[in-house]
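Enquirer: Checked Swiss-Prot, it gives:
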{"type": "TRANSMEM", "residues": "8-28", "note": "transmembrane segment"}
{"type": "TRANSMEM", "residues": "37-57", "note": "transmembrane segment"}
{"type": "TRANSMEM", "residues": "63-83", "note": "transmembrane segment"}
{"type": "TRANSMEM", "residues": "96-116", "note": "transmembrane segment"}
{"type": "TRANSMEM", "residues": "141-161", "note": "transmembrane segment"}
{"type": "TRANSMEM", "residues": "212-232", "note": "transmembrane segment"}
{"type": "TRANSMEM", "residues": "246-263", "note": "transmembrane segment"}
{"type": "TRANSMEM", "residues": "275-295", "note": "transmembrane segment"}
Amino acid sequence: MLNAPFELVTSLGFAAFVLLLIALPIAFWSVSSDSRPGVVRLLVAVANLLLTAQLVLRWWQSGHFPISNLYESLCFLAWACTLTQLLVERAWPSPIVAAAATPMGLGCIAFASFALPDQLQSAAPLVPALRSSWLVMHVSVIMVSYAALLVGSLLSLAVLVMDRGEALQLRSSSIGSGGFRQAVTTPDSGFLELQSLEISTNEQLDSLSYRTITVGFLMLTVGIISGAVWANEAWGSYWSWDPKETWALICWLVYAAYLHTRLSRGWQGRRPALVAVVGLIVIAVCYIGVNLLGIGLHSYGWFF
């Protein structure tokens with residue numbers, strides 16, 4: 001299986017990169033021209049299919065779930081980011097979503113394709129520490145949670161960019177329709193009736209960001225718990241304050257603070273968006289930065 005053509009796997013990744021590279025300027029043009037980003041969604045959808053084919057081929061080529069080193073996890077993260085983007089755009093087909101989210105999938109597949117050595121891009125057998133059924137459960141859930149948190153944080157960054165001192169209110173319904181329905185007492189009859197009200201672009205972005213981050217936070221929680229169980233089975237300890245574990249906890253605390261500010265303190269708009277952007281930086285440190293140290297139980301299979 002390891003003799004399957006290496007070029008086909010990398011070519012699929014390169015093709016996805018080209019499509020996302022084409023999609024990005026079109027997305028920004030759609031924002032400036034206020035047009036619907038149908039072409040961008042098509043390009044991102046095809047790129048996602050190419051990434052799916054790449055992961056399936058790599059799985060067949062290596063004989064294990066393709067998430068065991070930095071190249072494979074970056075390709076998986078690019079796949080998860082593009083899928084998350086498509087799901088968010090399905091809820092609200094705005095060019096702003098495409099312009100905010102497309103750079104993440106593009107950046108992941110670009111880093112995997114051009115920044116990593118050929119040795120890391122080649123398929124290899126699993127190291128003994130990763131030969132566990134927990135690999136798929138723990139790592140894939142963590143990576144999907146990163147995708148949701150990254151896309152949600154980029155939407156929060158879009159809120160900051162577009163913020164004009166607008167007072168936002170979190171309204172929980174009809175996202176994607178451009179409005180929501182509110183119960184209002186009519187003065188004549190005294191009865192309650194539902195009235196449709198328009199919500200602003202920033203309110204829609206803020207609400208979508210909140211929902212996407214909430215999903216990512218829940219998945220991150222599951223991923224950390226499953227990792228602790230796996231660590232206890234492999235190393236006899238649920239938590240060892242490994243650099244990766246420590247930064248994963250910091251990431252969890254940042255997004256817990258984000259949700260706390262919204263749910264308990266009633267923050268919307270700019271202030272929680274700033275917290276989400278901090279989370280964006282923390283994920284980058286946790287996912288890439290920690291591995292540059294080359295130490296800890298999670299350092300294998302990332303850099304030579």
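For all residues, glycine too, the Cβ spot is worked out from N, Cα and C.
I'm curious about the neighbourhood of these features; can you describe it?
Expert: Among residues of the same chain six or more beyond the transmembrane segment (8-28), those with a C-beta under 8 A of the stretch's C-beta atoms are 37, 39-40, 43-44, 46-48, 50-51, 53-54, 57-58, 61, 75, 78, 82, 95, 98-99, 102-103, 105-106, 109-110, 112-113, 121, 123.
Counting same-chain residues at least six beyond the ends of the transmembrane segment (37-57), those with a Cβ under 8 angstroms from any Cβ of the stretch are 4, 8-9, 12-13, 15-16, 19-20, 22-23, 26-27, 30, 66, 72, 75-76, 78-79, 82-83, 85-86, 89, 93-95, 98, 102, 105, 109.
Beyond its flanks by at least six residues, the transmembrane segment (141-161) meets 67, 73, 76-77, 80-81, 83-85, 88, 96-97, 99-101, 103-104, 202, 205-206, 208-213, 215-220, 222-224, 226-227, 248, 251, 255, 269-270, 272-274, 276-277, 279-280, 283, 287 of its own chain at Cβ-Cβ distances under 8 Å.
Listed by sequence, the residues of this chain that lie at least six past the ends of the transmembrane segment (212-232) yet keep a Cβ under 8 A from its Cβ atoms are 84, 88, 132, 134, 137-139, 141-142, 144-153, 155-156, 238-240, 245, 248-249, 251-252, 255-256, 258-259, 276, 279, 297.
Long-range contacts of the transmembrane segment (246-263) within the same chain, counting only residues at least 6 positions beyond its ends with a Cβ under 8 Å from a Cβ of the stretch, are 142, 149, 170, 210, 213-214, 216-217, 220-221, 224, 227, 271-272, 275-276, 278-279, 282-283, 285-286, 289-290.
Sequence-distant neighbours of the transmembrane segment (275-295) (same chain, 6+ residues past either end, Cβ-Cβ under 8 Å): 70, 77, 146, 149-150, 152-154, 156-157, 160, 209, 213, 243-244, 247-248, 250-251, 254-255, 257-258, 261, 302-303.
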Enquirer: What parts of the chain pack near the transmembrane segment (63-83), using Cβ distances under 8 Å and only residues at least 6 beyond its ends?
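Expert: Sequence-distant neighbours of the transmembrane segment (63-83): 1-2, 13, 16, 20, 44, 47-48, 51-52, 54-55, 101, 104-106, 108-109, 111-112, 116, 120-121, 124-127, 130, 135-136, 139-140, 143-144, 146-148, 150-151, 287, 291, 301-303.
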